[in-house]
Amino acid sequence: MPEQADILVVGGGPAGLHAAFYAAWRGLRVLLLEARPELGGQAQALYPDKAVYDVPGLPRQNASALIGALVAQLAGLPVEVRTGTVARTLRPAGKGWQVEAEDGRLFSAGSVILAAGLGALRPREARVPGAEAHPDVRTELPEPASLAGRPVLVVGGVPQATRAALELAQAGARVTLTHRRAGFRGRLSELEALDQAQQRGQLQVLAPATLDRLSAEGAALTVDGAAHQVPAETVLLLGGYLPDLGPVLDWPLDWDGEYVPDGPGGQTALPGVFVAGDVARSGGDFKLISVAFAQAAVAANHAVHHVRPDLKVRPGHSSEKRL
Ligand SMILES: Cc1cc2nc3c(=O)[nH]c(=O)nc-3n(C[C@H](O)[C@H](O)[C@H](O)COP(=O)(O)OP(=O)(O)OC[C@H]3O[C@@H](n4cnc5c(N)ncnc54)[C@H](O)[C@@H]3O)c2cc1C
């Protein structure tokens, strides 16, 4: 049986999160599908450590904190989130639509808002010699407590690698963090915590280093010209993310390259299917969070009216509502 909602949002970046907020704020049940294990789109995957200066009303906001605030805004609203879920097939179903995920799960709703941004953010493939011989190579951080007590090798200089090393060490894993360059990315507080954890001997950092080979027992690295053997029951290869629009490109939306043409209200060629954010043609090359927010608000309210014609398109002012 498909999971059902009034409105299905595909994509958990700024556009999808704000669309989910607006539709749920209007009282409709929302299901939000996100390919990654965490919400936040490009901001959380690609630049969580960076400051953003051009979101209205927020002179300087850390990208990850901005996503945290968008997620906090969903609290108490009827929004169900399914992370790790890649939407693939769109079919008409009754008066609405059914979406099948890559893993075969089904979701149906009266209206769909496509907020896929540049595409599903997939872990960048890292080709490490011997990786096939190692029993536990991963590209996303699992629940840190599940690796407590185990030797874990974290490979990468992206913010996710820094955060993974810290969270795993805190959970009691025996962590080695390595990267081909000397520096790591992350929020200042995380980089300070990394230094402190290293000084206290809570984790080991080997960088710059070359990861020569993985084997069933662990990894062979070269550091300063010297060979190192690092035991690793789990290896986390965190090399960043690449967007993949492939899963939704065969939705019959008259695609214009990487864009879906949209009319007033974010309406696409399919009745009840709306679009918002970077993937919407109307934004042109203005791939900006502020533009995504505006498109999401408009698309969500049109989707609400599509599903519930008794509700007006215009939402009224939130400041007039008594909560
Ligand atoms: C390095 C960098 C810095 C930036 N700095 C700024 C800045 O300072 N200010 C600014 O305004 N903008 C900035 N941007 C642009 C901004 O991040 C985007 O405009 C914004 O993220 C668009 O939001 P979105 O929700 O449309 O798409 P995205 O953020 O791309 O989110 C889309 C989400 O949908 C998911 N998804 C896609 N396909 C599927 C599928 N089939 N099934 C399930 N989930 C799917 C993806 O995994 C992703 O999480 C920056 C971008 C980059 C790369």
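The backbone N, Cα and C atoms fix where each Cβ goes, glycine too.
TrEMBL: automatically predicted annotations, no manual curation.
Here is what TrEMBL records for this protein:
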- 6-296: domain 'FAD/NAD(P)-binding' (DOMAIN)
- Glu34, Gln42, Tyr47, Ala87, Leu121, Asp278, Ser319: FAD binding site (BINDING)
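A map of TrEMBL features onto the structure.
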| residue | record | contacts (Cβ under 8 Å, 6+ apart) |
| --- | --- | --- |
| Glu34 | FAD binding site | Gly11, Gly12, Gly16, Val81, Arg82, Thr83, Gly84, Thr85 |
| Gln42 | FAD binding site | Gly13, Gly117, Leu118, Leu121, Asp278 |
| Tyr47 | FAD binding site | Ala63, Pro159 |
| Ala87 | FAD binding site | Val10, Leu33, Ala35, Val99, Glu100, Ala101, Phe107, Ala116, Pro247, Val248 |
| Ser319 | FAD binding site | none |
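Looking just at the domain 'FAD/NAD(P)-binding' (6-296), the mean pLDDT is 97. Largest CA to CA distance in the FAD binding set (Glu34, Gln42, Tyr47, Ala87, Leu121, Asp278, Ser319): 35 Å, whole number. Under the DSSP three-state reduction, Leu121 (FAD binding site) is assigned to strand. For Asp278 (FAD binding site), the Cβ neighbour count at a 10 Å cut-off comes to 27, with all displayed protein chains included. Cβ neighbour count for Leu121 (FAD binding site) (all protein chains, 10 Å cutoff from its Cβ): 26.
In the three-state DSSP classification, Ala87 (FAD binding site) falls within a strand.
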